[in-house]
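So that you can see what the record holds, here are the features copied from TrEMBL:
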- Glu74, Asp117, Leu119, Asp120, Asp247: Mg(2+) binding site (BINDING)
Amino acid sequence: SMASPALLMRVVASAYSVAEKAATIVRSVMSAGDLGIVEKAGPNDLQTKADRLVQMSICASLARKFPKVTIIGEEELSTDDVTEELIEDGHCEEILKEPCPAQYTGIKEEELVIWVDPLDGTKEYTEGLLDHVTVLIGIAYGGKAIAGVINQPYYNYEAGADGVLGRTIWGVLGIGAFGFQLTEAPAGKHIIITTRSHSSTLVNECISALNPDTVIRVGGAGNKIIQLIEGKASAYVFASPGCKKWDTCAPEAILHAVGGKITDICGNSFQYNKEVKHMNSAGVLATLRNYDYYASRIPNTVKQSLVP
């Protein structure tokens, strides 16, 4: 008989279904029309009913199946009174069929940390820029992002009634990443993708130093990493604090699974153990290919302004 799948593969398979459930919640809140917007730290730091319901759904669903895993979500919410209709119990059979990479077969529940961004790109969501929005579930072990699930609830939303709405991308280090077409950005072009709503003098100074052919400004860290792996941008550059561990964990795992690289602006890797501070204080630099080209051109003045 087959040995039962390793814990990591069970967690990823569940996270896949949990992310699909999250997407249905995101879409239903939007179509009901009352977003229930709350300002957290200001007009660029918003929380909606979708952020709240999705986080409760993801955290409660995963905690029920994997009670000893540490789950850290963006919103400060209790999951004590979660209603049954928010619970997702399913899993993706295809993922369970994949053999677990040898270095991860012995992982115990208490060694995993799951970083959850229930709705990455909230501001864009409230403004109807629906293709910027993602649901992020990142899985870390030994302080490293090793697996991730990114759902885009509104992928294909302009295709009309015939299009299949939404998609789920998943990846595990040592297996690869799936659910999209891996594409490299045009050779010799420097297409920089950066923040839409958190720009600053430093952000712009850093981008100018890279001498870009094009600068794309969009919301959401998940969205930006997708643009890298689909070849629409060559580098994601954000020379500012503001991004958090739940923004980068899932995207990092997907990017690293296909041979890309993400660090802070100073070149340090991110740590994802449960004790780590949540803020990525020194910004983000990510590429699918040619990381060194961009890293070598970040001005020292910019690096000195951003303390990890």
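Positions of Cβ are set from backbone N, Cα and C atoms, glycine also.
Residues Glu74, Asp117, Leu119, Asp120, Asp247 make up the record's Mg(2+) site, and a Cβ search at 8 Å around their centroid adds Asp51, Val116, Pro118, Gly121, Thr122, Thr134, Val135, Leu136, Gly220, Ala221, Gly222, Lys244, Trp246 from the same chain. Neighbour density around each Cβ, counted as other Cβ atoms within 10 Å, peaks among the binding-site residues Glu74, Asp117, Asp120, Asp247 at Asp117. Around the Cβ of Leu119 (Mg(2+) binding site), 31 further Cβ atoms fall within 10 Å across all displayed protein chains.
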